[in-house]
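Chemist: This is the structure, below, for whatever I ask next.
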Amino acid sequence: MFLFQLEDTQAFHKKLNQDKLLHPPEFVIKPRSHTIWEKQNVKFHCTVAGWPAPRVTWYKNNVPIDVQAHPGKYTIENRYGLHSLEISTSQTFFPCTVGVTPHGFASRFEIKFIDKFEVTFGREGETMSLGCTVVISPDIKRFKPDIEWYRNGVLITPSKWVQMHWTGERASLTLTHANKEDEGLYTLRVVMGEYYEEYSGYVFVRDADAEIPGAPGAPLDVQCLDANKDYVIVSWKQPAVDGGNPILGYFIDRCEVGTTHWTQCNETPVKFARFPVTGLIEGRSYIFRVRAVNRAGVSLPSRVSEAVAALDPADRARLRSKIARCPSCKGVIPGPPTDLQVIEATKNYVVLSWKPPGQRGHEGIMYFVEKCIAGTEDWQRVNTEIPVKSPRFAVFDLSEGKSYCFRVRCCNSAGIGEPSEATEATVVDDKLDIPKPPGRIMPTRNTDTSVVVTWTEPPDAKELVGYYIESSVVGSGHWEPCNNNPVKGTRFICHGLINGEKYIFRVRAVNAAGLSEFSQDSEPIEVQAAIAAPSPPYDITVLESVRDSMVLGWKQPKATGGTEITGYYVNYREVIGGVPGKWREANIKAISERIENLKENMVYQFQVAAANLAGVGTPSLPSKPFKCEEWTIAVPGPPHDVTYTEVRKDSLVLLWKEPVYTGRSPIAGYYIDMKETEAKEEHWRSVNEKPLQKKFLKIAGLTEGVSYVFRVRATNQAGVGRPSDITDPVVAETRPGTKEVVVNVDDDGVISLNFECDQMSPNSKFVWSKDYEPIEDDSRLDIDSKGGKSKAVFKNLGEDDLGIYSCVVTDTDGVSSGYTIDEEEMKRLLALSHEHKFPTIPLASELAVEILEKGEVRFWLQAEKLSGNAKANFVFNDKEIFNGERTGLVEMIMDKLEDKDEGTYTFQLQDGKATNQSSLVLIGDGIIVFLGWEVTDDCNVMLKCKVRGKESTKCSIPRNTLINICLDALSATDLKIQSTAEGIRLYSFVTYYVEDLRVGWVHNDTQIRFSDRVKTGVTGEQIWLQINEPTPQDKGKYTMELFDGKTGHKKTVDLSGQDTKVNYARFFSDRARVLGGLPDVVTIQEGKALNLSCTVWGDPTPEVSWLKNEKSFVSDANCILKFEAGKNVSFTISAVSTHDSGKYSLVVKNKYGTETSDVTVSVFIPEEEQENNNENKKTKA
């Protein structure tokens, strides 16, 4: 009793001392299992000790239980160290576990693999390395992981062939000298206590190049199956590559451990993949290797086997034992062996096995083996000279096809005992047949470089080692092995295939007897990634809410499953008092965003699942609770679908869609905010000071390598609305291999935008857009995409084509690029196109004439360069007088000039598509050479010429020979300003207008982009620029640029307000305007009151009138129209009817302009009343 108390006290103090230090958690009372009825509550209890106090987490099916995700379902409590879990209305039995971790840290470790090894290909003899960076959270320094590597599910241990290393962050495995035995599925397992994570990748090892061309590949997986004093049975696997000739057999070599001398064990090749090696020295260790042979020669040797000792295991055990000798047992002749049987029979040898006799004394015994032809009693001793020491023996030198019986005798110093019972007759032949070919070869898609091949096992297959699979590109006739180590099972993933190619496959089975014939070829299959259901959408938000419906927004799945998403399925559940109800389907058919038939003022949660051709994906996590109520706020709702594209090291393009809910007035613009990803909320900063009208923005000035997030806010007259959801983080970087859109003008003058991508997946597509809106009108562009290249060809490049062109490649990691075509770039491309379409031969000198010594006249010109196929035509007064091939210098010689030779001489050149010509005029006694022209002050053209025989290089052409061409550019009047009903018109008159005259408009040194609000045109001789609904931003300097083909001319007018002669107020703030308040559409129930109001402005006060369906409309008893205080306009109908449906227009007008605002009123009848009306009509009828 005293001893018990002492031990108990010591244990108490030991426990007390431990409590002063850290010690790991332990269960004092463990939770026990429960079996309960369905819908019955259950409660688990446990008590946990540890210091500091451990954190306890309850798990269901190895997943932590989230009480917040299942309100009311689970109740977890901790009262003074007693932990409990209560499950309400349990639906079915499930296993439940409790996790505790050392020192009070989180109860489950999160293990992630990054920088992972992929499918790896190597060759025999090479060094191969696999590695993964492992991130474990939380990071507990005193709690280290166990790193384990597996090959085909078998734990790998370090050896001279395999080295493993763990740095604390990265696990690596190195194959120092790869062999085909190393091929297989490698798995890295990271173990933290009882929890672990795995990552796997396949490693392929191809044959090394044979020393003899056409020789087979080396055998593999050499093993010693049975080792004893007299022989060792060596087995191996046949290679997949036979070198193009059937394998005739195999040579087995042995080497005594400690030496380097290899001895061939068999004189003739053996076909069976097992062979007993005899002639070993007892007690010594050996290693073995195997070589294959065909008609071309002998293969490289296999990897050597593990060392094995030539010892009988039973003798080894007896040597270790200490057994006292019994004097009475000396000199006993041993009895007959028992249980003699043939354990293996081939056409080359037979292996016998037996058990030692019970009566044998304590000295060692040996055995004599005897054989005889079946049916006779002519016994012959097989081992006549040396008795066998082990109870197994391989018998050689038997006649193939004959039947034999065998028996064994024991012997010792006392003599030879009686023989054992003879075996049954054994035929000397291969008992194991070569397997038949596998059947039903079925390839299916896997990834863009791999295919899954399945097959059925051959009938009556015995002792199968595995299968070899081969692939061939359709039509090539060349077969390649897909694996070099036989695989077990009837399914294999063939990697390393070419995307887009069609392959066929075949399989053959392997056992020790040999390789089967090949199976039939499979059906062809194109290598493409298999489609899968998309991943869940995320970040669900509400974009608009009315009484009975809500518009949802969410971010698209990060993985589309390799095909386009066809729609989304939404589930919703009511949340009452914080307790969620049951999930319900919101839609049967795939929808985009609006959820109908909800209850007003009810709180809902939503989850969304994406669908594609492969099916419906996993639903998203439940959203935050949202209340279904009518939004009445004045400011707009959040923009949505905020994405980024064209990410570079210092810039990106941000895109978004306008809010579904616009507030009480139209959207006036957008503000973009940004911050670094890890920065706090107060670090959000605005990118733009003034609201943007467009729904995209190129954000420049980013810092390379920094991660950013963005959001967008919409604004209207009432103010700025709440921001959109933030984007996913994006790092400012230009990834290696990034390519840009390139503009090209070909030899035919065709202008195109070109984009290439080398990162395409099988389902990737090129998507072109203009100003980041999909191009739906194909009247301007032809788009052609083939392989990794896409081309957008302009049919007729013009002002309608100005804008930003962007190309995005789907199903990639954001591959995209953009190209801007402004007016200047358009002019450059058109000039280049004209040059390519109508190329000109450059001239070193124009057509010239000179008088030679004998009065001959020489016409000549010098081209800078002409090919050997160039031609020249000589034309006099529109008649061809000579043509022929020319190079460089072109000339023609006339004997003399006469009066009839007056006229125009022209040399026409053609070199391929390129042309040019030069002319001169001979008038009277002189030869006039045309040099150029100039314009006089009275808008006439003066030709400049050189006359032969005069000292002057310039002469005046008589007045009647002048060409009177009035140039539009010089005749244009100064710009004038005109106020119109729509806004402002700037205009200028020209004497004549021709289509060749190019006109451009510039505002504050920026080329004007034309739209529905800002237009340009020509009416008669008036060139004009119309600005509708002008704003203060339209003030400034306007310039009209004219180009007549040679020189440019400009006309300028100032609308900045600095000119005191012009009343600018009338063009901007004083013109009649509707400031806002009227909606675009009103839908109202019959019998309800309709009240519309808005504010107008103008100085002088504008006149106000109403139109209904484009006809004048005045106030009456049903509709009251009011205009009060010169600015407040109201429209009231006390009880609307269907006759009041229509388009109503408010027209405001003063001397500076007119503006119209439209509203469409739609009156509907409730369904119940409509049915009653229909029944009344039927009754009356």
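One is the number of the first residue shown, and numbering goes on along the chain from there.
Any Cβ shown, glycine's included, is placed from N, Cα and C.
Feature table excerpt (TrEMBL):
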type	residues	note
DOMAIN	25-98	domain 'Ig-like'
DOMAIN	102-190	domain 'Ig-like'
DOMAIN	218-312	domain 'Fibronectin type-III'
DOMAIN	336-430	domain 'Fibronectin type-III'
DOMAIN	437-530	domain 'Fibronectin type-III'
DOMAIN	536-631	domain 'Fibronectin type-III'
DOMAIN	638-737	domain 'Fibronectin type-III'
DOMAIN	729-827	domain 'Ig-like'
DOMAIN	1084-1162	domain 'Ig-like'
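Each of the listed features needs to be described in terms of its position in the shown structure.
Modeler: Averaged across the domain 'Ig-like' (102-190), pLDDT for the predicted model comes to 85.
Counting residues of the domain 'Fibronectin type-III' (218-312) by DSSP class, helix then strand then coil, yields 0 helix, 44 strand, 51 coil.
Residues of the domain 'Ig-like' (729-827) grouped by DSSP class, helix first, strand second and coil last, total 8 helix, 44 strand, 47 coil.
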Chemist: Which range out of 218-312, 336-430, 437-530, 536-631, 1084-1162 gives the domain 'Ig-like' (729-827) the most CB pairs under 8 Å?
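Modeler: Ranked by Cβ pairs under 8 Å, first place goes to 437-530.
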Chemist: May I ask whether the domain 'Ig-like' (25-98) has at least three C-beta pairs under 8 Å with the domain 'Fibronectin type-III' (536-631), counting pairs 6 or more apart in sequence?
Modeler: yes
Chemist: Out of 336-430, 437-530, 1084-1162, which stretch has the largest tally of CB pairs under 8 angstroms to the domain 'Fibronectin type-III' (218-312)?
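Modeler: If we count Cβ pairs closer than 8 Å to the domain 'Fibronectin type-III' (218-312), 336-430 scores highest.
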Chemist: Reported in the order helix, strand, coil, what are the DSSP residue counts of the domain 'Ig-like' (25-98)?
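Modeler: So the domain 'Ig-like' (25-98) is made up of 0 helix, 37 strand, 37 coil.
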Chemist: Would you kindly check 102-190, 336-430, 1084-1162 and say which stretch has the most C-beta pairs under 8 angstroms to the domain 'Fibronectin type-III' (437-530)?
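Modeler: Highest pair count goes to 102-190.
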